[in-house]
């Protein structure tokens, strides 16, 4: 069976070269399996150090920022970020762009903070990114979700804020250039553009560490992990190793600047087809469209079974929309090649050529 | 280079067959890499279901108990277990058998609980397991660490208690038969006898879920994970897959009862040599010796360099004692074959034959 074209929303495709090297390391990494080495061994300490250095290099992380690997995904990150940023106001501003924002808000409240939703696109079913002026006020911080996998919306630039900014970048970190200095905490589950599920990345302004106004259990305190170089407890060795391989690949192939261009080309190709093809329609506000998760529907819903059969025949997997949004979703993370998008676009063209005449006759 | 004999304390050796199958799945698992499949895909849901079923089968988990996979290791488990067991007393009894117990106590305090240390082996440098009568009193629960990797001590049977029992079994779960019904919460980092680092196992009496007397953020609430069948958020797919492979192997080779006999044979072989060999001495109380982590020292410390050279020459790795205990530590988890222990014992015998005459002349 030839390799499937994986448009899944995550965990998701990584480069084939990374899969191959990770597979070898499971059998032999300097004489042992990567799965059985001690996290305190010089071999793994070197992996962790390189992974952190490659994150810093890829994103031009400035002096005064720390990179850490934890566990628990963004779902624990919602709580950790809020707890670590709690200050004298014990009050935070959240931007609501859908399910992931709502979960983040819930955990800020669970951490004992008061939350003001200062902007929301709930009214239009999260089909847009709200317009936001410069953020200010008696808040400890403002939080937003940079890319919304379910709806297919994305912030095209960082928000403008006079208060500290916390951002969940789980689904678009490493896909485009960012200015890390705009943020106090960036956090991201690894399982999109970084590596396999199991690790969670934090990029944190060092000066915020240890400043929380609420009690902090050890694991939830970012200062704990900073002081122990991400080795407070046994880290997810294999996930970090594979993330390191993926970052090596990213830098070897031109880094974030280069992949951003490729990602833009993939998005342009698919959105152009969606807009030109009479049988398809994009789901969201054009200016807020995500380059990572392209959501669209059939203009004639009764063709759903036929279209499902068409993309499956083209060896495509993972195109089904999220259960709460319906329709289709093409997730196009870094490792998805342009050629896979070309196959999808060609499939859409052929599908329309086959069905358009029948529809026009109705 | 022939495969090294891995006596490391963890992450640690797993069966070669598991490494081989896991390695293949990184390249191809039903047409995709195991690293890129969705955790919501039927293929992975089947993996999770099987992993949970195999845990239940291996340990004869009775009706009314749930098995869950989370993240964060025992270090987050210290907090999660205390928070989930907090009741009207907001007070817990802890047994102190060393570093891991101390860390658990710290997180119970961080969770807002009052802690009584009802028994401790601190006075003898944690070289024993304290004598404990039946536990009772105005406590929400009692907590202990079943096996102490650093010192090499182990509870030989479950404690006797009239109050709920919580146990950190990170380093000896699946190594011997247990009666799950003795416990309200068992938790364990995966990276010893279960699988690679990155997953954390919880076995929980269902009736304790949702009964906590303190506020519970979503991720820290075991009820959250129970209700979502360990899929509240993206689980560490590869770690759970590999754990499932390892559990399949365990059951295929006779299950926990069979491996317990092998583990006893390995321990008997090595402890017998330690006790018979005039150049070596065990670290801890004989009756409290761990079958997982065998700690010992040279009776003539000046031979340290020579002994280090001897075991390294025998292709052994991971025999150095924990930095806080010194000496040597042979960790003999399930996947370490008896033949590796035989090599170690032979190395000790030959070492002594070479050096004993020189020492006797001094």
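Just so it is clear, glycine is given a Cβ too, placed from its N, Cα and C backbone atoms.
In TrEMBL this protein carries:
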BINDING   A:40  L-glutamate binding site
BINDING   A:74, A:75, A:100, A:149, A:168, A:191, A:233, A:234  pyridoxal 5'-phosphate binding site
DOMAIN    A:6-342  domain 'Aminotransferase class V'
MOD_RES   A:192  N6-(pyridoxal phosphate)lysine
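Structural mapping of features recorded in TrEMBL.
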residue: A:40; record: L-glutamate binding site; CB count, 10 Å: 15
residue: A:74; record: pyridoxal 5'-phosphate binding site; CB count, 10 Å: 24
residue: A:75; record: pyridoxal 5'-phosphate binding site; CB count, 10 Å: 22
residue: A:100; record: pyridoxal 5'-phosphate binding site; CB count, 10 Å: 23
residue: A:149; record: pyridoxal 5'-phosphate binding site; CB count, 10 Å: 25
residue: A:168; record: pyridoxal 5'-phosphate binding site; CB count, 10 Å: 26
residue: A:191; record: pyridoxal 5'-phosphate binding site; CB count, 10 Å: 32
residue: A:192; record: N6-(pyridoxal phosphate)lysine; CB count, 10 Å: 30
residue: A:233; record: pyridoxal 5'-phosphate binding site; CB count, 10 Å: 23
residue: A:234; record: pyridoxal 5'-phosphate binding site; CB count, 10 Å: 24
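Proximity to chain B (Cβ-Cβ under 8 A) holds for A:191 out of the recorded positions A:40, A:100, A:149, A:168, A:191, A:192.
Residues A:74, A:75, A:100, A:149, A:168, A:191, A:233, A:234 are the ones the record ties to pyridoxal 5'-phosphate, and the longest Cα gap between any two of them is 31 Å.
Taking the C-alpha positions, the distance from residue A:191 (pyridoxal 5'-phosphate binding site) to residue A:40 (L-glutamate binding site) comes to 24 Å. The domain 'Aminotransferase class V' (A:6-342) scores a mean pLDDT of 97 in the predicted structure.
For the recorded positions A:75, A:100, A:149, A:168, A:192, A:234, a Cα to Cα distance of within 10 angstroms from the residue listed as 'L-glutamate binding site' holds for A:234. Between the C-alpha atoms of residue A:100 (pyridoxal 5'-phosphate binding site) and residue A:192 (N6-(pyridoxal phosphate)lysine), the distance comes to 15 Å.
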